[in-house]
Amino acid sequence: MSTAVINADDDAMEPTLQSILDQRSLRWIFVGGKGGVGKTTTSCSLAIQLAKVRRSVLLISTDPAHNLSDAFSQKFGKDARKVDGFENLFAMEIDPNGSMQDLLAGQAEGEGAEGLGGMGGMMQDLALSIPGIDEAMSFAEVLKQVKSLSYETIIFDTAPTGHTLRFLQFPSVLEKALKKISQLSSQFGGVLNGLLGANGALPNGQNLGEMMEKLEALRATISEVNQQFKDERLTTFVCVCIPEFLSLYETERMIQELASYQIDTHCIVVNQLLFPKPGSDCEQCTARRRMQKKYLDQIEELYDEFNVVKMPLLVEEVRGKEKLEKFSEMLVKPFVPPS
């Protein structure tokens, strides 16, 4: 587990994400949790703080809802775009339902996958027969952009819990898929080239050997990234939750699965905390605060070796650069409830 900031006064973990900012070696940061707990707000805010201390930061949404555009009040797409008001913060929203057809189209500069004719269909059918490959192709698109643009830190605003954990398996899925395709190409490449003609050209003019070389290069990149995900110096996962039973249950399940994937996690952000003013006569507020405190106590007991960040429930929605910047400050400076 990564070294985190210690509060010398009480020997407790610092209740901020400052340890992530201080860990200069981090390259991949995942932010995830149950739906509706504030993942996007947290990931955007963390990206803003990281942009202050990193050369370049890329924020990627893999959530089908694509809330980055809403959070920053700026339209993002599948290509990285600079976030308005920042010089070194970029964002993109990728389609988690990308397909092998996209990859084949990307390998060919001409007519795309449709131009491969029956051979392209065979390659696509072969690739899609591997479980999880269809979703995993979005990850290949990310790798292609990240490798060419060399960002210092990449933050993933992930989909709700189940999709997040599948996404973290994608490097392994892609690696197996591309390895299988490469093996089949080695075994039957001669036969295919014979069928295609003397120069081994596909119907769109691309050489089969060239395409397989590109696939193999992609496989090598995926293998490298897969190793980086398991290195606590390079990768960490920030869990986001709210102080309720289902969210706490999902967080525990996610932490257990992350451990099984050998992915580091040592930070939990607890959003939507109520802090009723002393003497408040709001019975609902007091009752809800009592319930929240019960689950917050459980979180602090279960994860005493984690940085647990307590974020207040705000009156207004956190949207736009100014509000996100204000929210982001509370990730590195503990929120002090009004007395």
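Residue positions begin at 1 at the first shown residue.
Cβ coordinates are placed from backbone N, Cα and C, and glycine is handled just like the others.
Some features that Swiss-Prot has for this protein:
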BINDING   LYS34, GLY35, GLY36, VAL37, GLY38, LYS39, THR40, THR41, GLU244, ASN271  ATP binding site
ACT_SITE  ASP63  active site
BINDING   CYS282, CYS285  Zn(2+) binding site
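Sequence features, as recorded in Swiss-Prot, placed on the structure.
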residue: LYS34; record: ATP binding site; DSSP class: coil
residue: THR40; record: ATP binding site; DSSP class: helix
residue: ASP63; record: active site; DSSP class: coil
residue: GLU244; record: ATP binding site; DSSP class: coil
residue: CYS282; record: Zn(2+) binding site; DSSP class: coil
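Take the recorded positions ASP63, GLU244: by the count of other Cβ atoms within 10 Å of each Cβ, the lowest one is GLU244. The residue listed as 'active site' is 9 Å away from THR40 (ATP binding site) when you measure Cα to Cα.
Counting only residues at least six positions away in the same chain, the Cβ atoms of VAL240, ILE242, VAL269, ASN271, GLN272, MET311 sit under 8 Å from the Cβ of GLY38 (ATP binding site). Each of the binding-site residues CYS282, CYS285 was scored by other CB atoms within 10 A of its CB, and the lowest score goes to CYS282. Taking GLY36, CYS282, CYS285 as the binding-site residues under consideration, the smallest Cα distance to ASP63 (active site) is found for GLY36. The shortest Cα-Cα distance from CYS282 (Zn(2+) binding site) to any of the binding-site residues (LYS34, GLY36, GLU244) is found for GLU244. All protein chains shown were included, and the count of other CB atoms within 10 Å of the CB of GLY36 (ATP binding site) stands at 11. The CA atom of CYS285 (Zn(2+) binding site) is located 23 Å away from the CA atom of LYS34 (ATP binding site).
Considering only the residues assigned to ATP binding, LYS34, GLY35, GLY36, VAL37, GLY38, LYS39, THR40, THR41, GLU244, ASN271, the longest pairwise Cα distance works out to 19 Å.
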